[in-house]
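Q: Handing you this structure, nothing more for now.
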Amino acid sequence: MSRGGGGDRRAAPDINGLTSLKIDNLSYQTTPNDLRRTFERYGDIGDVHIPRDKYSRQSKGFGFVRFYERRDAEHALDRTDGKLVDGRELRVTLAKYDRPSDERGGRGGGGGRRRSRSPRRRSRSPRYSRSRSPRRSRSRTRSPPSRDRRDSPDRRDNSRSRSRSPPPREDGSPKERRSRSRSASRSPSRSRSNSR
């Protein structure tokens, strides 16, 4: 009858005086009777409870065992933490609150740990982005010296091209000289014909 509410009703009046152990990593096949058999050898047990889903009625994978004496609970913790039950290694810890807060704490405790991890991950992301931004700025500062280096050979090339530019201009002048020399050679022949 430990599965039903009868056992829970018996333990409810005195539950605040009990020392609770929270058992994590339970197999879905493990029942309250299985937990009772595992822990009752270490002392008198006042209550055993495994929370179940409202709709599927399936175990949530953790449970609670309450001892009348704190010494018995601590002794059971030392003996059962890491023990294999239904192929699972039990993780046993002292629970801080009674059953209602334990159930909420079990849900909220896991959620609280996950929430505490998420801001750390979020806080890391801006750090990486901030560390990357100065690297980009450094690359921008490095670009001007490379441009100066590129400008210097261009200037040299321009100066060379300017020094080479006069020869084609000189090529034009001999043509003019040839045309002038031809006109000069033709002019004396005309003067001779006139003399005749």
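Cβ atoms here come from the backbone N, Cα and C positions, even for glycine.
Pasting the feature list from Swiss-Prot:
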DOMAIN    19-97  domain 'RRM'
COMPBIAS  91-106  compositional bias 'Basic and acidic residues'
REGION    91-196  region 'Disordered'
COMPBIAS  112-141  compositional bias 'Basic residues'
COMPBIAS  145-160  compositional bias 'Basic and acidic residues'
COMPBIAS  167-176  compositional bias 'Basic and acidic residues'
COMPBIAS  184-196  compositional bias 'Low complexity'
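Just tell me what is around each of these and how deep it sits.
A: Predicted-model confidence for the domain 'RRM' (19-97) is 94, expressed as mean pLDDT.
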Q: Under DSSP, the domain 'RRM' (19-97) has how many residues in helix, strand and coil?
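A: For the domain 'RRM' (19-97), the helix, strand and coil counts are 22 helix, 26 strand, 31 coil.
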